[in-house]
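Swiss-Prot annotations:
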type    : residues                                          : note
BINDING : T65, D140, E201, K231, D235                       : substrate binding site
BINDING : 202-204, N236, 265-270, E288, N323, 344-346, N392 : NAD(+) binding site
Amino acid sequence: MIYNMSTELFSTLPYKVADITLADFGRKEIDLAEKEMPGLMALREKYGESKPLKGARIMGSLHMTIQTAVLIETLVALGAEVRWCSCNIYSTQDHAAAAIAASGVAVFAWKGENLADYWWCTLQALNFPGGKGPNVIVDDGGDATMMIHVGYDAENDAAVLDKEVHAEDEIELNAILKKVLAEDKTRWHRVAEEMRGVSEETTTGVHRLYQMQEEGKLLFPAFNVNDSVTKSKFDNLYGCRESLADGIKRATDVMIAGKVVVVCGYGDVGKGCSHSMRSYGARVLVTEVDPICALQAAMEGFEVVTMEDACTEGNIFVTTTGNIDIIRIDHMEKMKDQAIVCNIGHFDNEIQVDALKHYSGIKCVNIKPQVDRYYFPDGHSILLLADGRLVNLGCATGHPSFVMSNSFTNQTLAQIELFNKKYEVNVYRLPKHLDEEVARLHLEKIGVKLTKLTPEQAAYIGVSVDGPYKAEHYRY
């Protein structure tokens, strides 16, 4: 059990999970998931003998779910040495973590970590035997990448760890990096020197990468997996279309039909959430800052309003933006009694959770894990799900296996690219022909039959018979 295990700075533990006896249960669900993840299984078949990842030390910071377990075992099957942690304190499925630990992979993750635990787990996953670091990273949200970069900066100027920060996760990150710096003053420079690159899973992490690149601070090459069509137009859209409702239902058992649902943001995630809630019979209001996305929402029949107008009308609120302060405390003050507030963006700063917790006279009653009822002094209350973190993973089990196979097939291909080729420091995307191949690998499973171009047809539109079929700038 986790509470009996040591937590020294650089641990020699083979793993740290909630309960290793859950491994058999986890293995049964992994076996089921494999049948729903044809892309990953095809990569095992294609590359299992050649092992293109032999010699790779892959660190993963990505939700430790059943689906991720299939990804991890694919990377291992292709020859990699793997260490793993979760990228969210609530998203780990403990039976999945146990099964992976039992298979011999070093995993440091359990559901309900605190933030000190979280960064400790990230550090352990970055620490390979012999004091080595990874040479490739699978990241989701950019926290592993950030730990290396902040640690690297601190080795140049320790004062960066004393700068005033307000977010608790940054406070805890700086605290553990101070301990690392005291013990090893060149660790992160050595790690960065051996890094061949990182592949980033989600919108938030990609924003961080581009920002570091623009500032000239990016230390190693990066693949933007999020913007592969077979990731963003499937995982973000179709995955959220199913997993949002799953999270809300498991947390609250609420009837969605007839309710007013406010979806903040109409990007790929917001589109999936809006259509999901409407399919249940809700009246959906959308908030947007982008005129193009706002027009798309309006043309789909959604009412586009401001949060100032929506906060008194909604029964359920969902943030999907990847930005900060989307639902503020002054919005929550005006909400209906027992309004449900949740987030499906990567971080917990879309909702002003800290301001809610420190609101004068507020009373918090925990209903069950990841469901808290906050009573305001005027008597009205709101239900906050997953403490403002990802509701689909905090209150349910995330996206279904099939759609995650798309994303994780992209991740595996990106890892092969980064490990086997030398890239200049920049942010890259997978080429179009690989995007199409990822889609192709999933067609047979759902009974799709492709039409094949004739040579004359291909020549007429200026493409190869076997693709790629669209220009890089094509919008799907």
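Note that Cβ sites are derived from N, Cα and C of the backbone, with glycine treated the same way.
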Ranked by the number of other Cβ atoms within 10 Å of their own Cβ, which of the binding-site residues E201, E288 ranks first?
E201
10 Å Cβ neighbour count around H346 (NAD(+) binding site)?
23
Counting distance between Cα atoms, which of the binding-site residues T204, G265, G267 is nearest T65 (substrate binding site)?
T204
Sort the binding-site residues D140, E201, K231, D235 by C-alpha distance from H346 (NAD(+) binding site) and give me just the closest.
D140
Under DSSP, is V269 (NAD(+) binding site) part of a helix or a strand, or is it coil?
helix
Show which residues of the chain containing T204 (NAD(+) binding site), separated from it by at least 6 in sequence, have their CB under 8 Å from its CB.
G141, G142, G322, G345, H346, F347
Using all protein chains shown, find which of the binding-site residues G265, G267 scores highest when you count other CB atoms within 10 A of its CB.
G265
Of V269, I344, the binding-site residues given in the record, which has the fewest other CB atoms within 10 A of its CB?
V269
